[in-house]
């Protein structure tokens, strides 16, 4: 008897394949689910609690958080500045000349403070642009973490406020008044951080390393410092750079009278603090701050933000607002005041602008 031929039904084959897939599913579904769960637990979710704000372009930055880390950065940089000065290991050298021909000094304090401040800010807000007076050496990178804590005084006075990360520029001055630092004139030395949003200064931090005093303010936010209540408008005390006092004194006395007091001082941060109510025994008081030559933006941005937050003004000598985008220099000199008629001051000092571009 001839063997009978076997014919496979298409329907049967389909059923057999489905049964096979079902067996494979049960065998591997648990394994795949476990691997997926492991992946999710190992990688923080985008925008999760462990992801820094402003960590990617297009993200948001909380200005209250940025203020908190700016205060910490200024203090950490100040620790390096103080340590180097007290150890007398400045290793000072000339890094170039100013437009007036004076030698600019660079010390270990500048470099170590810069490294600490830059990497602390960059680690907390990787996507935010940071401009610093000193060059950042990527070969000397330092990991400086922020624990994301916000000081109580900032929590009480400042509300969270988010802005696009791409609108933010941070300006840091790791050691303001380096010349005075080398001369051991410690009262003039500050470390500063400024945050500008769309070119306007909105957060300013000025820290004095040798007294551990810190002034901070945020525009439309809060501050831990205030303006002095009384000013001498008729014969103001004018604070100026030590190297530029002669350029200002003659014109100022002609404008305000022979009783006008000229206060030579070092450091832009120190000069702005002179306009405020500062509980510092080594802090002089002034009514107006004038600078008549080219000046870098990291020198003045923090002070500008503090004054703006308190209702004051810092402009060029012709009254123009200073933008903290683009180039790192301000060509038009500056005049700063608070609780005074700023426009009237500018109109009284027309001749000073002529020297600001020299």
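A Cβ is built for glycine as well, from the same backbone N, Cα and C atoms used for every other residue.
Going by TrEMBL, these are the annotated features:
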BINDING   133, 173, 175, 176, 299  Mg(2+) binding site
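Positions of TrEMBL features highlighted on the structure.
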residue	record	Cβ within 10 Å
133	Mg(2+) binding site	21
173	Mg(2+) binding site	33
175	Mg(2+) binding site	31
176	Mg(2+) binding site	29
299	Mg(2+) binding site	24
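Neighbouring residues of the recorded Mg(2+) site, listed in sequence order and excluding 133, 173, 175, 176, 299, comprise 172, 174, 177, 178, 190, 191, 192, 267, 268, 269, 296, 298 (Cβ within 8 Å of the Cβ centroid).
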